[in-house]
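Working notes, structure below.
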Amino acid sequence: MPEFLTVVSWPFLILLSFQIGVAAGAPQPWHCAPCTAERLGLCPPVPASCPEISRPAGCGCCPTCALPMGAACGVATARCAQGLSCRALPGEPRPLHALTRGQGACVPEPAAPATSTLFSSQHEEAKAAVVSADELSESPEMTEEQLLDSFHLMAPSREDQPILWNAISTYSSMRAREIADLKKWKEPCQRELYKVLERLAAAQQKAGDEIYKFYLPNCNKNGFYHSKQCETSLDGEAGLCWCVYPWSGKKIPGSLETRGDPNCHQYFNVHN
């Protein structure tokens, strides 16, 4: 496994992409890998019966059939049809957790004033969706899971939100506020998370570098590792997943790397 240019945690980076609306200034954003003629040539045809063809979600290249009103949707599914956006169901206690598992629904986009610009609407949604910088500074033990649970808005289908848009800016802002002081983060996954972000911040300063794969540790609310760790790439290829020990983050011997679900529970049934 490459040292850090391997994986990105979908929920955490989606959160970071919106946090920047309330954080400090941003460096140059990273973009998805370009769709080459070769990759486009491998795309399956969209059914002729499809009423609306939409752009692929994430960093994919193949057009898809837009999801209709009421259809199940999520971070990695096809986009909702025009005029709809993917939202967690009312009363859902963990909205983003549900969206990352395709348990949202395509619903009408909320009406916006005619004078509202794309930037201002994103900014207002960001402020409403995430914990403010002041709240973060007063809660140095705030975890990834707590942050994710505070996030409940997804970009409307007409908007194209880069996965890693200004993610490092949020880290830089947190560093400035001493939120990410490694001495304050005692648990292993939390410490590795911010070390990786620091390396990514340094890598982004190198002009001309095009980085399409990243790794961010997937931490639980206690600062340890989720047993399932996955990669997400910006080149449209499905990422690998693997299993680790929650207390150390080290890969479980004999466990496989797969582009699907590695079923990590099976290894704990054996080892416990």
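Every residue, even glycine, has its Cβ placed from backbone N, Cα and C.
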Exercise for the section: Among Cys50, Cys59, Cys86, find the residue that Swiss-Prot gives as the disulfide bond partner of Cys73. Expected result: Cys86
Completion exercise
Among the candidates Cys189, Cys219, Cys264, the one bonded to Cys243 through a disulphide according to Swiss-Prot is Cys264
Problem - Swiss-Prot annotation, disulfide partner among Cys59, Cys61, Cys62 for Cys43 - result: Cys62
Practice task
From the candidates Cys106, Cys189, Cys241, select the one that Swiss-Prot records as forming a disulfide bond with Cys219.
Solution key: Cys189
Practice task
Scan Cys106, Cys230 and flag the one Swiss-Prot records as disulfide-linked to Cys241.
Solution key: Cys230
Exercise for the section: Between Cys32, Cys50, Cys59, Cys61, work out which one Swiss-Prot annotates as bonded to Cys35 by a disulfide. Expected result: Cys61
Fill in the blank from the handout: Near Cys230 (disulfide bond) (Cα-Cα within 10 Å), the disulfide-bonded residues in question, chosen from Cys80, Cys86, Cys219, Cys243, are Cys243
Completion exercise
CA-CA within 10 A of Cys65 (disulfide bond), subset of disulfide-bonded residues Cys43, Cys80, Cys106 in residue order, equals Cys80
Completion exercise
Among the disulfide-bonded residues Cys62, Cys65, Cys219, Cys241, Cys264, the one whose Cβ has the most other Cβ atoms within 10 Å is Cys219
Fill in the blank from the handout: Its Cβ having more other Cβ atoms within 10 Å than any other among the disulfide-bonded residues Cys86, Cys230, the winner is Cys86
